[in-house]
């Protein structure tokens, strides 16, 4: 596939804004490294000494949740499939309530560092180890996407060096994680969530001015079928409907907010249970703001390119490049603003990667080292820093694999669904079902993982046909290709198919029965499948292996006594 054209290029002001963001992030790490010289315990490094307050933790939760994938891929999702994606705002409410009222009190009162410690307390060590390994695999895969996604999109549209961007952001992120621990991660997140909102607003305001007002953008979206919020089609094969987003999305995001170490580690670092709960509810406001910005940016994208779709026309080679393409198109006369948007995308990367690296170090210390190797607190603290460095380097290395994962937003959510779903089912089994035992927990987790891997891997080999995903119409009838070629250095054939289209054509000819039924399930249902399978199998095995035989023996004993 030919490279996408460079519609504009960074000037000195853009590089300065981007470099300033990296510099301030690194400086925060240095500050907390100096301030925390007396902090010799690994718990203080990984948990901030449990001294954090609600507001910075809430902003950190929002920043690490809303990665560069949100900044780049969500507007492209709205552009192609409509604003129904905004219904995730409803699922966020359920997620926050369940996380704060069901999971948070259990983790906080136990005083644990790793959420997987709970699995050993409730079930056994084997279950804990399996949960830890699943989390490590999930997080490294996801972090690879988060690092690679913005670098690829911005390289192909702005000409910014691909591996230079990957390595520079990865190194800065690893640096402040290793130097400053959780406190540095939280306070850089606070900075980065502000940069993300500013980057979105710079694009949105310019697009609103160009298109003649918000009402015009909404009218264009309405005429283009993009305001498709209330689609109540109950078919589980439809990619996005009211039901897939609210029901499936609640499972996906609860597996992140309720039990994922990267998020849990933040709110249990608060100085009290009240602050921890407040951080989740304040964070809900942050999630709504970022969602509103990203969805409206997608509508702006459609309004600007409603008559000439850059993707179909070959001006970009992937949908994830649409947002940076528009930025360079409408903001290139305003030096510094393209740099601000790029800083916003990379702020999302830094916040997510830093939370992942910190969480990986925490679970490795607590679940894989402490139970088996005796170390002094000083050695554990140095080991924590070494692990942060190691995982940072590993995540940078994993970035190359992300290029094989197709749609970045779908790939990211699929990873959380396939692995996070069974883990959510296991924690729910332990907390909500007092009769569940270790045998049932392990059997349920393995069963849920097998089911979610089956449907998730099958969906990669047999992507759903367009009649299931139902992308909305895009047109190029308004393109002036001669002008476009001159203005944009356009070199890509307008008829060149996307990677997705190529794979789809290869797999449409011979599709087994499962391809159009089981593998074509909405990717948002991967998590509920894993969770519910884990719960059902876990309960059944627990009854058959423990509670039910005991009840039968008790009943026979009572009958024997009564008969005599």
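Heads up, the Cβ atoms here are built off N, Cα and C, so glycines get one too.
The transmembrane segment annotation in TrEMBL covers 15-34 (among others). Long-range contacts of the transmembrane segment (15-34) within its own chain (CB-CB distance under 8 A, at least 6 residues past either end) are made by residues 168-169, 172-173, 175-181, 183-184, 187-188, 191-192, 195, 336, 339-340, 342-343, 346-347, 350.
Remote same-chain residues near the transmembrane segment (54-73) are listed as 145-146, 149-150, 153, 185-187, 189-190, 192-193, 196, 199-200, 256-257, 262-263, 266-267, 269-270, 275-276, 278-283, 286-287, 290, 294, 319-320, 323-324, 344-349, 351-352, 354-356, 407-409, 412 (criterion: CB distance under 8 Å, separation of at least six residues from the stretch ends). Summarising the annotation, TrEMBL assigns transmembrane segment to 54-73 (among others).
When Cβ-Cβ distances below 8 Å are used as the criterion, the transmembrane segment (85-108) is approached by residues 74, 77-78, 115, 118, 229, 240, 242, 245-246, 249-250, 253-254, 257-259, 264, 267-268, 273, 276-277, 280-281, 283-284, 287-288, 291-292, 295, 298, 427, 431-432 of the same chain, each at least six residues removed from its ends. The transmembrane segment annotation in TrEMBL covers 85-108 (among others).
Annotation comment: TrEMBL describes 129-150 (among others) as transmembrane segment.
If you look up TrEMBL, you'll see 162-178 (among others) marked as transmembrane segment. Within the same chain, residues 22, 25-26, 28-30, 147-148, 150-152, 154-155, 184-185, 188, 346, 349-350, 353-354, 357-358, 361, 385, 388-389, 392-393, 395-396, 399 sit at least 6 positions outside the transmembrane segment (162-178) and bring their C-beta atoms closer than 8 Å to a C-beta of that stretch.
Annotation source TrEMBL lists transmembrane segment at 190-209 (among others).
Taken from TrEMBL, the feature transmembrane segment applies to 240-259 (among others). Proximity of distant same-chain residues to the transmembrane segment (240-259), defined by a Cβ-Cβ separation under 8 Å and at least 6 residues beyond the stretch ends, is recorded for 61, 65, 81-82, 84-85, 87-88, 90-92, 94-96, 98-99, 102-103, 115, 229-234, 280, 413, 416-417, 420-421, 423-424, 427, 522, 524-525, 527-528, 531.
As annotated by TrEMBL, transmembrane segment applies to 280-305 (among others).
Annotated transmembrane segment per TrEMBL: 340-365 (among others), in sequence order.
Annotation comment: TrEMBL describes 386-405 (among others) as transmembrane segment.
Here TrEMBL flags 411-435 (among others) as transmembrane segment.
For 523-544 (among others), the entry in TrEMBL reads transmembrane segment.
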Pairs of Cβ atoms less than 8 Å apart decide it: which stretch in 190-209, 280-305, 411-435, 523-544 has the most with the transmembrane segment (340-365)?
190-209
For the transmembrane segment (129-150), could you work out the same-chain residues 6 or more beyond its ends whose Cβ comes under 8 Å from its Cβ atoms?
67-69, 71-73, 114, 116, 119, 165-166, 169-170, 260-262, 320, 342, 345-346, 348-349, 352-353, 356-357, 359-360, 363-364, 367-368, 391, 394-396, 398-403, 405, 408, 411-412, 415-416, 419-420, 422-423, 426, 442, 445-446, 449
Should anything in the same chain at least six residues away from the transmembrane segment (280-305) have a Cβ under 8 Å from its Cβ atoms, list it; otherwise answer none.
54-55, 57-59, 61-62, 65-66, 70-71, 74-79, 83, 85-86, 88-89, 92-93, 96, 99-100, 104, 193, 196-197, 200-201, 203-204, 207-208, 210-211, 216-218, 220-221, 224, 226, 257, 267, 322-323, 326, 329-330
Distant-in-sequence neighbours of the transmembrane segment (411-435), which means Cβ under 8 A and at least six residues beyond its ends:
67, 69, 73, 102-103, 106, 115, 118-119, 122-123, 127, 131, 134-135, 137-138, 141-142, 145-146, 251-252, 254-256, 258-260, 402, 405, 441, 444-445, 448-449, 452-453, 456, 459, 523-535, 538-539, 542-543, 546-547
